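A short write-up of the structure that comes next.
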Amino acid sequence: MELLNLMLFSYQDLEESHRMKLSLTKVVNGCRLGKIKNLGKTGDRTMDVPGCLLYTKTGSAPHLTPHTLHNIHKVPAMAQLTLSSLAEHHEVLAEYKEGVGKFIGMPESLLYCSLHDPVSPCPAGYVTNKSVSVWGVGGRVEMTVSKFMAIQQALQPDWFQCLSDGEASCAEATSIKRARKSVDRSLLFLDNCLRLQEESEALQRSTIIGVIEGGDVMEERLRSARETAKRPVGGFLLDGFQGDPMTLETRLHLLSSVTAELPEDKPRLICSVSRPDEVLECIERGVDLFESFFPYQVTERGCALTFSFDYQPNPEETLLQQNGTQEEIKYVHQTKKIKTTGCNQEMTSFEINLKEKKYQGDFEPLVRGCSCYCCQNHTRAYIHHLLVTNELLAGVLLMMHNFEHYFGFFHSIREALKNDRLAQLKELIRRQAS
Amino acid sequence: MAAAASPSSMESAPRIMRLVAECSRSRARAGELRLPHGPVATPVFMPVGTQATMKGITAEQLDALGCRICLGNTYHLGLRPGPELIQKAHGLHGFMNWPHNLLTDSGGFQMVSLVSLSEVTEEGVRFRSPYDGEETLLSPERSVEIQNALGSDIIMQLDDVVSSTVTGPRVEEAMFRSIRWLDRCIAAHRRPDQQNLFAIIQGGLDAHLRATCLEEMTKRDVPGFAIGGLSGGESKNQFWRMVALSTARLPRDKPRYLMGVGYATDLVVCVALGCDMFDCVFPTRTARFGSALVPTGNLQLKKKQYEKDFRPIDPECACPTCQTHSRAFLHVLLHSDNTAALHHLTVHNIAYQLQLMSAVRASIVEKRFPDFVRHFMGTMYGDPTLCPTWATEALASVGITLA
């Protein structure tokens, strides 16, 4: 009898330990600092907030094998997978049976599965009352709630974005009607997914992330937040706040109002926002987790992140950096827009373009003092050469540097919050934004 | 036949190769090259890094695979980024941050194979740069000058390269010119203590011309010899006979580098014929087309048959790709636009080549090379007797029977 009690007690303990917990160490000016504990299948993993997720394409960090990925310091504990790249392979994954983490060779990583790829948004007009579509290499994959959940069952991620209608934010001016529909549909999808999850043995250890929709209509956004918060979701995804810097600014007000409605003890993710300046704006409005696709976009246009996040450098460095920063900003205003394949993004002032002739004989590392594999082993001149000769290694080395730089930035955000220095960091970043 | 029949060199120049073991049947040898950037075990396969990079894999990854020597191309690097810049970067080693050995070819082969508007004269090869249209002359002196700036451990003479399908007086002209160019390269070489200049035996598919070239070039005091002008469009039957003829007349105590050979069967046969060093773009190039090398041939991983194949490429392979990934995942990744797929295969294919050479070497040292050859052919062709005729004949010529 004693033994049975002991066993029951341990079982309960295990169940408890599987429920993840967000513990905030402090909240200052709307910014939340803390840790999410009890993550993963074994319930013993932790994640820092504010933080970011490792961006992947088809289950692999872009350009990187586990070996080169391992060279990077401070890789986030959780990686982002996209359903758009994996949905069409669900039969294979179902037959594989052991989950997508093992399939992609990342059995130790926490995994979050988003619907779409933030870098290549899909064509609008394909959401119905019954289904949402994603685009893979083989074309469109239409998913009803049951198909969506079947796919998640094959993937077995730690977290997954619930099926949702994100199209209210696609068009220029969203009608209230469209905004309302996005909220209604997303809630219906959520309730159906939750019901199916209850019936699924395989998905007991996976957490559904509820999606906040509603376009640019305040009333609908608040309704979405309140209603979604009533459901037993593990966290919230703030969808549809992306856009060009101008658009984001007008939506920031909306964002504050939304997060105010959300429970404090559950993580808030935002999709499609990844630029350093925008990240800080969102953190100040209660967002915890971000995607890390920005360093990938920078890599694809042959650029390297060089912005400083050292908000308390020594006096000598300050002088050097100030002069350096000003030089970079001046130059960027003069350059033309860089057309990049697949990304169509303009170069920012957070980066330098290694294709420029001036780097041909520059034997400095990308960023002096950077601890990444590229900066420890190679020079700007070498990267320039690789880009000019169209060599694959350019992408590998730039990705390694850009990820490391970006993860270092997030680390500095957490440090700044811990030491009450976020204002300095924000000012430093603001000065470097064009 | 046996190694003892080959003449020793007459010069007193230091030897860069130490023989560790010799097969008592065939001409296979196991050895060690002593090069400025460290020792290299032979027989060795040298992956080709053309433009100061091994395609998508880092120097650290290449080192971790056990590679101790790889190639750079003088033609490409001479144009971009150019020898002056590389010299500023402390040579090619410094520029690409490769701590081990480098071998650069002379630029001769690319000149002829890549550039349609090239013209060969006694002076050198005159050609038009594909990047800026500028006309330049690559002479023996200029080629050595560029390679001196690159600082590679082994440099190649500029040779007058003629396709192996060409016949007639042009072949003879090229052979004699290559000898004269060898002498000019030797004279122009500024760093004989830091860089080893190899001669390249030419003569096409003509036994008499080859023999003449061998006789003349082996009179020169060079640290090593390459067998050139093969691995083109010639038949395998002619190919192996020219290789065998060459190894029979090359000094025993100097390395024999067979240029442009890299298919597994060719490597094994040519080791039996007495070659020590090989290079080829094939393994790394085929990787980027989704083809993985295995003991039974290759796997075209993009094909549908691998969709649900959850085994690694090769369960016996120790490379990082095979330790972590399945054919099914690689299949998925190869159909995406993530370049990581190519890198996984590049890593594996280089590992395959290096592991093969390692196994060959061990079998020579352990005095079981003929058995190794039989086992290798059995795995590759289903049965040793199903091995291609040319290979069977080549092996027979050095005392290895497959039946």
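Using N, Cα and C of the backbone, Cβ positions are placed for all residues, glycine too.
Keep in mind that TrEMBL annotations are predicted by a computer and have not been checked by a curator.
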**Fill in**
In TrEMBL, substrate binding by B:ASP105, B:SER106, B:GLY107, B:GLY108, B:PHE109, B:ASP159, B:GLY229 extends, among B:GLN194, B:GLN195, B:GLN202, to B:GLN202
**Asked** Per TrEMBL, what member of B:HIS189, B:HIS208, B:HIS348, B:HIS375 joins B:CYS317, B:CYS319, B:CYS322 in binding Zn(2+) at one site?
**Response** B:HIS348
**Request:** Quick one: sort out which of B:34-38, B:284-288, B:304-308 is the region 'RNA binding' according to TrEMBL.
**Result:** B:284-288
**Message:** Please identify, among the recorded positions B:ASP105, B:ASP159, B:GLN202, the one with the smallest Cα-Cα distance to B:CYS322 (Zn(2+) binding site).
**Reply:** B:ASP105
**Prompt:** When you average the Cβ positions of B:CYS317, B:CYS319, B:CYS322, B:HIS348 for the Zn(2+) site, which other residues in that chain have a Cβ within 8 Å of that mean position?
**Reply:** B:PRO312, B:ILE313, B:ASP314, B:ALA318, B:PRO320, B:THR321, B:GLN323, B:VAL347, B:ALA351, B:TYR352
**Complete:** One finds that other Cβ atoms within 10 Å of the Cβ of B:CYS317 (Zn(2+) binding site) number exactly 19
**Fill in**
Simplified DSSP label at B:SER106 (substrate binding site) comes out coil
**CB-centroid shell, 8 A cutoff, substrate site B:ASP105, B:SER106, B:GLY107, B:GLY108, B:PHE109, B:ASP159, B:GLN202, B:GLY229, site residues removed** = B:MET156, B:GLN157, B:LEU158, B:ASP160, B:VAL161, B:ILE200, B:GLY228, B:MET259
**Message:** Assuming the binding residues for substrate are exactly those in the record, B:ASP105, B:SER106, B:GLY107, B:GLY108, B:PHE109, B:ASP159, B:GLN202, B:GLY229, what is the maximum CA-CA distance in angstrom, rounded?
**Reply:** 16
**Item:** Summary of DSSP states over the region 'RNA binding' (B:284-288), given as helix, strand and coil counts
**Value:** 4 helix, 0 strand, 1 coil
